[in-house]
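Peer 1: Got a structure for you, written out below as structure tokens; questions coming shortly.
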Amino acid sequence: MCTGKCARCVGLSLITLCLVCIVANALLLVPNGETSWTNTNHLSLQVWLMGGFIGGGLMVLCPGIAAVRAGGKGCCGAGCCGNRCRMLRSVFSSAFGVLGAIYCLSVSGAGLRNGPRCLMNGEWGYHFEDTAGAYLLNRTLWDRCEAPPRVVPWNVTLFSLLVAASCLEIVLCGIQLVNATIGVFCGDCRKKQDTPH
């Protein structure tokens, strides 16, 4: 596969994953679709750190767009040198995207490990923090959270989605980093294939 076609494929995948991260993070702000918990201090710190919005979302959107542009044959920098410049930009953007995806992964992993902030026995707090993530396997503990209702499965589902998406983003940004580096030094094979004889 040519470096340009690979870049375009990776870029479109990254854009899709960053949209998944943004939506998942937005849903974490409204447990069970109820906005009444958002205005108070009843959401966990990991929700407010916006790992999915900032890290897996905006910081990965830049390399996604750069990869799509590097894979295209746009008017900006036509020819061999222009495509190599877009590939070079994609190298730096991909490194930036890896950092964003790592941020999303670390925040989401901490959110899974610590559990949600919830009301249990009349007290708000991180009641699953001391279990070191063991609450994930014991669903009977999930019902002990009185408010927000069903917050544990909500957080587990969305943080797990963010962990999976950010892992894929790290892999795809790494692939694009290598692909774009090859594209900078070797160029794009499509130029030779697409020219009429």
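Please read every residue number as a count from 1 along the shown chain.
The backbone N, Cα and C atoms fix where each Cβ goes, glycine too.
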Peer 1: Kindly tell me whether the record in Swiss-Prot places V68 on the same side of the membrane as V184.
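Peer 2: Judging by the topology that Swiss-Prot records, the two residues are on the same membrane side.
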Peer 1: Swiss-Prot tags one of N155, N179 as N-linked glycosylation site; which one?
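Peer 2: Swiss-Prot annotates N-linked glycosylation site at N155; the rest carry no such entry.
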Peer 1: Tell me the Cα distance separating N138 (N-linked glycosylation site) from N155 (N-linked glycosylation site), rounded to the nearest angstrom.
Peer 2: 15
Peer 1: Within 10 Å of the Cβ of N138 (N-linked glycosylation site), how many other Cβ atoms can you find? Include all protein chains, please.
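Peer 2: A 10 Å sphere around the Cβ of N138 (N-linked glycosylation site) contains 10 other Cβ atoms.
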Peer 1: Work out, from DSSP, the number of helix, strand and coil residues along the topological domain 'Cytoplasmic' (1-9).
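Peer 2: Taking the topological domain 'Cytoplasmic' (1-9) as a whole: 7 helix, 0 strand, 2 coil.
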Peer 1: Same chain only, please: residues at least 6 beyond the ends of the topological domain 'Extracellular' (31-46) with a C-beta under 8 Å from a C-beta of the stretch. Say none if there are none.
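Peer 2: Those are 107-108, 110-111, 114-119, 124, 126, 147-151, 154-155, 159, in sequence order.
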Peer 1: Give the three-state DSSP assignment (helix, strand or coil) for N138 (N-linked glycosylation site).
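Peer 2: SS state of N138 (N-linked glycosylation site) = coil.
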